[in-house]
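Chemist: Starting off with a structure, shown below.
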Amino acid sequence: MKFTVAAAGLTFCALAGLVTSAGAQEVFRNTVTGEALDVEGQAPKEGRDTPAVKQFMQTGVDPYVEVAGCLPKGEEIYLESCSGCHGHIGEGKVGPGLNDSYWTYPKNTTDKGLFETIFGGANGMMGPHGQDLELDNMLKLIAWIRHIQKDDVADADWLSDEQKKNFKPFDIKAWEATGKAAAEKAQCKISGN
Ligand code: HEC
């Protein structure tokens, strides 16, 4: 009898665990229309199952932010897909600056909001990139956009208090002189993996 009750309890816990983890997935929404984005249906097949993507899908927080080893890839994607409109270091061109603390869409101060804007696009020339950027690369791109921040770190809502202590506003000269080479030697890994 005791055993049966314990077994039933275990089964219940296992089921409850499943339901909780499935229910914890974030819902992502188009920045302009507010419609739900079909991330699963649209993202490329590659780069979906990494620990970072799984964590992001459940928390909405990009675990690659301020992980030095992830920055070179993020920069590469930025230069390929974004800098033509947003400027070499996010200073703004046809599109608005991405390296300062002013955001047209205030939700872009969160990793989730920034992901939604990149994935689903915004107005006019800001097209959706959800189908052409692998999810894992998208997280590296977001980490890079956070890294090129040049304004007061106090406004960097996406950083934890701990990260704020270590963060220095971006300096392209320092990046090109030593930062990038050091980052290329580091691994792009999230803590605990
Ligand atoms: C063809 C030009 C073009 C390209 C390429 C482009 N953007 Fe944009 N982007 C724009 C324009 C124009 C806007 C302003 C749209 C609006 O206000 O709705 C914008 C807006 C944004 C915003 C909102 C900024 C804010 O102040 O809230 C973000 C974030 C952004 N783009 C990121 C990116 C990223 C990341 C890429 C590369 C994957 C990219 N964009 C590629 C033109 C572009």
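Just so it is clear, glycine is given a Cβ too, placed from its N, Cα and C backbone atoms.
Okay, so TrEMBL annotates it like this:
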type	residues	note
BINDING	E75, E176	Zn(2+) 1 binding site
BINDING	C82, C85, H86	heme c binding site
BINDING	C82, C85, H86, T104, Y105, N108, N123, M126	heme b binding site
BINDING	H88, E91	Zn(2+) 2 binding site
BINDING	G97, D100, Y102	Zn(2+) 3 binding site
BINDING	H129, D132	Zn(2+) 4 binding site
DISULFID	C70-C188	disulfide bond
DOMAIN	69-149	domain 'Cytochrome c'
SIGNAL	1-24	signal peptide
Chemist: Report the mean pLDDT of the predicted model across the domain 'Cytochrome c' (69-149), rounded to a whole number.
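Modeler: Taking every residue of the domain 'Cytochrome c' (69-149) together, the mean pLDDT is 97.
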Chemist: Work out, from DSSP, the number of helix, strand and coil residues along the domain 'Cytochrome c' (69-149).
Modeler: 44 helix, 0 strand, 37 coil
Chemist: Of E75, N123, E176, listed as binding-site residues, which ones have a Cβ less than 6 Å away from ligand 1?
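Modeler: Near the molecule: N123.
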Chemist: Between T104, N108, N123, which of the binding-site residues has the fewest other CB atoms within 10 angstroms in the structure shown?
Modeler: N123
Chemist: Can you name the residues of this chain that are 6 or more positions from E91 (Zn(2+) 2 binding site) yet have a C-beta less than 8 Å from its C-beta?
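Modeler: Set apart from E91 (Zn(2+) 2 binding site) by at least 6 residues yet with Cβ under 8 Å, we have G97, N99.
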Chemist: To test your reading of the heme c site: which residues beyond C82, C85, H86, same chain only, put their Cβ within 8 Å of the Cβ centroid of those residues?
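Modeler: Nearby residues not in the site list: Y78, S81, S83, G84, G87, G90, K93, V94, G95, L98.
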Chemist: Would you count the other CB atoms within 10 A of the CB of D132 (Zn(2+) 4 binding site), including those on all shown protein chains?
Modeler: 13
Chemist: Inside 8 A of the center formed by the CB atoms of G97, D100, Y102, which other residues of the chain have their CB, for the recorded Zn(2+) 3 site?
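Modeler: Everything else in range on the chain: G92, P96, L98, N99, S101, W103, D151.
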